[in-house]
Amino acid sequence: MPAYDNEGATISMEDVRPPEQGISTIQEELQARRLQQMKSQKSTVTSRKQQAVCVRRAHKRYGSSKNPNIILDGLNMTVPKGAIYGLLGASGCGKTTLLSCIVGRRRLNSGEIWVLGGRPGSPGSGVPGPRIGYMPQEIALFGEFSIRETMIYFGWIAGMSTARVDERTDFLVQLLQLPSHSRQVKNLSGGQQRRVSLAAALLHDPELLILDEPTVGVDPVLRQSIWDHLVEVTKDKRTTVIITTHYIDETKQASLIGLMRGGRFLAEEAPSELIRRYQAESLEDVFLKLSVLQNMGKRRRSSILAGVVERVEIPAIPDPTSIDLEEAEIGEISGEFGDNVSMSSKGRVVVTPELAAPVEALPPDDEPPEGCLERIKPMKWQNMKALIWKNFFSLARNYGLLAFIVLLPVSQMVLFCLAIGHYPVGLPLAVVNNELGVNNTMEPCTYDKDKCPQDPETYQWNLTRFSCQYLDFLSKKQSNLVPYATKELALAAAYGGRARAVLVFPGNFSESLQDRLVDGRKAPDWVIASSDIEVHMDDTDKQVEWMLNRDLQLAFMDAAMHLAKVCQLPKRLFTVPVYFHNPIYGLKIPNFTDFAGPGVILTIIFFLAVALTSGAMLAERNEGILERSLVSGITGTEILFSHVIVQMLVMGIQSGVVLLIGFVFFGLTINGPLGWVIFLTVITGLCGMTFGFVVSCLCDTERTATYLALGSFLPMVLLCGIIWPVEGMHFILQWISYFLPLTKSTESLRSMLQRGWDIDVPTVYSGFVSTGIWIFLYLTASILLIKFKKG
Ligand SMILES: Nc1ncnc2c1ncn2[C@@H]1O[C@H](COP(=O)(O)OP(=O)(O)OP(=O)(O)O)[C@@H](O)[C@H]1O
């Protein structure tokens, strides 16, 4: 009767026992079941709640439903209170997955789990929480912490006083032969680190100890003393232990052994029972026999098996009425062991009578399903204290990170202030000045600066070499004027990339200009044409083209004003009749650094916070520390808020550094309220931090987090009005831009810094409001992701 078939490689345990014995045992068993059904039963749920751990019909798969990787396939497990339960199985068979479902960190796809009388994760169950001591497979410790600090962290979470932690630490250091408590975890050997991890699980004397391979890298003597300790703590039945190990023989001291294979238990028996049934000398022998069965491959017949396993019995049911009815129906032990062999048996789960716990007060029944918000638990002071302390010390001990925190914003701000927004100077301009004659490149372009070309008596004008006057003023803005003999040569230089613009002055430029200005009505077209400066520009670089254009026009205005001045005429007589007064806000000479400064400051603070926070969170998660903390009873909300508190300090330092460099050292304009400027900068950092939380919750690895952070960086910089006004974007992008976290805050900061506006102006306060909303959204998203993104 194969209950589990693996590609036709099923070997039933019925195949390996004498047929008459198999039949009689089954008949007895069926009769016992019928009897049991007729007897009055304890409630199934109540009996399950009285076990330390009870798993029923557990199904768990990874991957999509189309391509599932089934890990638990209808698994049943019963761990009585006070037992040491050895969970064995081939590597990758799902032991860790089962344990993380038990501690409430992963959810089953279907099935039920009771842990210490409650459902993991349900209110009042205490699981996850200090009722459990969990040692995960990874080291899951802070490398920078000493042994004592590690114990203080986990002890505080478990609600212990520091004095009690010290007392227990002394005991555990001795028991587990650890070095001095002041040694940093990162400087310990792998085996020592595992023992510290075990000590952290044992520290608070939990009701249920879940130890995932605690004896890896531990010498046999110490391994024995660990087992002795486990036996000791389970003596009074207050503590239950579930332990996974690859050292099979050490589990002979366990009360029960669960052999996992193919998503179910192959056997769940007392070790002595297994040894008896397989008539083996030791557990190693039992497994050796099973391994031989495995090696025999896909052959079904018991003739082969019989040679190896002389006689295999179905375990008797110690007391059929002691097992709940539903369990009896599904209590078939089935599964496989090894790669090719699967076995099934009508065996019973052995519940050793002496291990059955006395009836005691049980946690309240599970409450009806709650809404998302109700599931977010309030923060506990003891947990916050431990987390803030841990975050602060992790930071303070990491000198490289500290240097990064301070030096990165410094270098970025210095680079921005030095590199961005300044006027391009020294651009090569090709000048063909035909006013100087054929030898125009040789002849010095001079003019009498103080002489008015108008005769003071006759008022006749005699304007000469105005081109030189113009070039003199132009050279104050752009000094790299290169003379060329002909227009063709100058254009060739521009086409060859050796000149950014070509200026050509006609031969009679000054004369024609004079005719045009003095009596424009009589000026023929050729006079108008030859009074123009001919300009050919390389427009590839728009920024350069605009600045050059402005210089060329301003140089003419300056030269004309100078002419008016020396002739004692009204200063603006010859200028374009459009007069620009001092700007209402901002500087008369446009400064791109001032325009981009606010956006760049906020971008630096925002993305540094994203990088730091997501990096810290992912490191914590990938090293297993986050998981372990969550199992210890810390909530996602507490983790996030503790990071917020410590990162606020970092944010304060970074904001101070960035603002100091920008405003004090590089003199960026600051006309507005400094307090609000600092506050906006800090809350933008906070917003970045919360975005970092979302990134770290969404991504599983640092690499994907980096991609996501980088992927959001460029759109943010492009669309938030940092380097280009939002009004100049496509109207759809303008809409998108208004919904991005840095748009409103950049505009707000710019208005405070350059316009000097205060918080009561809508443009200013909308930046604060928008940032606040984003913080709330990001924080809520991360809390929900931490809460619900399991397994
Ligand atoms: N997060 C995950 N996503 C997808 N597959 C996973 C995930 N975690 C584990 N698995 C797969 O589930 C299977 C069971 O893994 P698990 O870690 O539970 O095994 P295990 O019995 O504890 O192994 P070992 O003894 O080597 O620690 C493995 O095939 C593993 O690759």
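Any Cβ shown, glycine's included, is placed from N, Cα and C.
Note that TrEMBL annotation is computational and uncurated.
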| query | Any idea which of 396-418, 764-786 is down as transmembrane segment in TrEMBL? | reply | 764-786
| query | In the same chain, which residue numbers or ranges, 6 or more beyond the ends of the transmembrane segment (595-619), come under 8 angstroms Cβ to Cβ? | reply | 391, 394, 401, 405, 408-409, 412-413, 416, 420-421, 626, 643, 647, 650-651, 654-655, 658-659, 662, 668-669, 680-682, 684-693, 695-697, 699, 701-702, 705, 709, 713, 716-717, 720-723, 741-742, 745-746, 749-750, 753
| query | Where else in the chain does the transmembrane segment (674-695) make close Cβ contacts, counting only residues six or more beyond its ends and a cut-off under 8 Å? | reply | 601-602, 605-615, 617, 640, 643-644, 647-648, 651-652, 654-656, 658-659, 705, 708-709, 712, 741-742, 745, 748-749, 752-753, 758-759, 764, 767-768, 771-772, 774-775, 778-779, 781-782, 785
| query | Which whole number is the mean pLDDT over the domain 'ABC transporter' (53-287)? | reply | 87
